[in-house]
Amino acid sequence: MQISKFFKFVFISVSLCGSLLFPQMANAYPVFAQQAYDNPREATGRIVCANCHLAQKPTEVEVPQAVLPDTVFEAVVNIPYDTKVQQVTASGTPGPLNVGAVVILPEGFKLAPKGRMSDELKAKTKGVFVQPYSKTRPNILVVGPILGEKNREVTFPILAPDPAQDKSVHYLNYPIYVGANRGRGQVYPSGEKSNNNTFTSTAAGKVTAIEAGDKGTTRVTIQTAAGEAKEQTVPAGLKVSVKTGDVIQADQALSYNPNVGGFGQAETEVILQSPNRVKGMIAFFFTVTVAQILLVLKKKQFEKVQAAEMNF
């Protein structure tokens with residue numbers, strides 16, 4: 001128990017340090033959703049990651065058609081995007097995109113322990129830390145942020161439940177929901193915009209000045225109809241879309257949209273198959289096959305008898 005607590009402390013410490021050292025990855029970290037939402041999937045079916053990642057992008061998931069109880073299988077989440085594209089980091093400099101994903105499994109399904117994973121599956125998941133969403137929801141798995149260039153395909157190792165051990169689980173067809181993002185979010189959980197978003201004017205008026213600010217920011221001064229000068233700061237890394245002398249409206253964009261990423265959802269199904277049903281199907285097909293063979297042999301024997309009688 002003490003060892004487990006120690007590793008948990010180390011993991012949290014490393015995560016916090018990573019958020020400080022690599023701010024461009026911090027606002028995609030699943031901890032934001034984990035802290036704010038007990039369940040990442042809303043009643044409408046929408047996954048809450050879409051609250052911060054506003055653009056829609058494709059996401060695909062692959063799972064076996066059917067699995068046996070108490071067996072390990074994999075769910076492969078595909079997060080397609082152009083690796084040549086770079087995003088605006090928190091510091092305003094261009095950088096590679098990071099990715100993250102969430103897999104919402106039926107209750108009873110959970111993350112497969114390493115001791116149950118094959119060598120091939122261990123190799124596929126090496127360097128990718130998959131964790132349960134929370135202690136109360138072990139059936140929801142999250143990963144990220146991780147560098148997207150090498151992880152456009154993320155493998156989740158999953159352990160299927162055994163109805164013989166868990167009476168709440170049955171041999172049925174179960175849905176699996178998946179969400180995946182590439183790139184930073186446009187909005188922080190607090191509602192504040194990140195610098196991976198379009199910044200708009202807070203007032204209507206005339207642009208009287210555009211000046212370089214601190215740390216790569218840009219100051220835009222707008223003179224309103226009342227003669228009041230309002231100064232707005234466009235974050236570092238964003239390209240200003242207005243020029244001095246322009247007459248603009250309130251909520252008009254002051255910068256171009258820098259976002260190159262986005263979030264996507266997908267869903268699929270998996271059948272928890274009964275071993276007895278599989279054995280029964282095999283026995284049935286075997287019986288049918290043997291019966292057909294016997295019928296063919298009997299038919300040939302009958303034809304030989306008929307031919308012999310005709311010759312006689």
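Just so you know, glycine gets a Cβ as well, placed from its N, Cα and C.
Values in this document were obtained by computation on a predicted structure and should not be read as measured data.
Feature annotations, courtesy of Swiss-Prot:
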type     : residues                   : note
BINDING  : Tyr29, Cys49, Cys52, His53 : heme binding site
SIGNAL   : 1-28                       : signal peptide
TRANSMEM : 278-298                    : transmembrane segment
### Query
Taking the Cβ of Cys49 (heme binding site) as reference, which residues of that chain separated by at least 6 in sequence fall under 8 Å from it?
Ala33, Pro40, Gly100, Val102, Gly179, Asn181, Phe263
### Task
Out of Cys52, His53, give me whichever of these binding-site residues has the highest number of other Cβ atoms within 10 Å.
His53
### Task
Could you say whether, by DSSP, Cys49 (heme binding site) belongs to a helix, a strand or a coil region?
helix
